[in-house]
Amino acid sequence: MIGRAGAFGSFSDSPHYFIPQSHRTHTSGTGQHDIVLITKWNYTNKMTQRLLMIEDDQRLASMVATYLNQNGFDVQHSATAKDGLQQLQQADATQAFAIVLLDLMLPDADGLDVCRQIRAQPQPTGALPIVMLTAKGDPMDRVVGLELGADDYIPKPFEPRELLARLRAVLRRQQGVATNADRVLRFGRLEIDLDARVIRLDDQDKPVTAYQFNLLAAMADRAGRVLSREQLMDAVKGEPLEAFDRSIDVHIGRLRAAIEDDPKQPKRIITVRGAGYVFAKAQDV
């Protein structure tokens, strides 16, 4: 496992390990020393994805960066919220980030506030996938993070392979559902541009996360049909989002805030009690 203490757990399929001097007096719950993975074969030949990690724990950041760099990512590290936001703003088209890995507890700002600031940026920066890390175990932190626009949430300690899998899953979701080129779905005043991956209401762009865009596109493709939470997760990702039962409701709430005139009395995304949600076909509102 890896967490704020910065120690990886053992991997049966990885041959190179060492026990760092600073951890030799520390043991896990099973009585065995925590160990650090120092090398791992890069089994992917895919083009690297540029990742911004905003994490104040230098040791943790170094180990995570090493692992991700060996597995298809180009990690850029910022130890403070200020530096991380500057890196995002200064990145040009040739050095654009594909995803952000954001710690909840930073020395100069709350990670939730940083998430909010990123989402307030113009696209494409404002639509970047965000995966949050936290040492806190409070489920409400996860709810708030998702409500503010995070695409996923990983509590510490975590398995590096789980982090890698979740990052890849978020990036796959960002690619969206298969569509024809220049396809635009129109529902009254609402437009869903599947090619540009933009939502417009009254010709005004409505920034949402990659997951939320895919969720809305999936619902719009099935307009008029009642879809359960499980069906929505499958439609967007092809597998359960996570074992967090209310996460889909959080994303629906964010979508309503973006596209409904009155989110408390939705006319586009309608709740069907005990069944799920339906995206309205007729939208003259």
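Cβ coordinates are placed from backbone N, Cα and C, and glycine is handled just like the others.
According to TrEMBL, the features are:
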DOMAIN    50-171  domain 'Response regulatory'
MOD_RES   D103  4-aspartylphosphate
DNA_BIND  182-281  DNA-binding region
DOMAIN    182-281  domain 'OmpR/PhoB-type'
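Taken residue by residue with DSSP, D103 (4-aspartylphosphate) is part of a strand. The helix, strand and coil residue counts that DSSP assigns across the DNA-binding region (182-281) are 34 helix, 24 strand, 42 coil. Across the domain 'OmpR/PhoB-type' (182-281), the prediction's mean pLDDT works out to 85.
Using DSSP to sort the residues of the domain 'Response regulatory' (50-171) gives these counts of helix, strand and coil: 58 helix, 28 strand, 36 coil.
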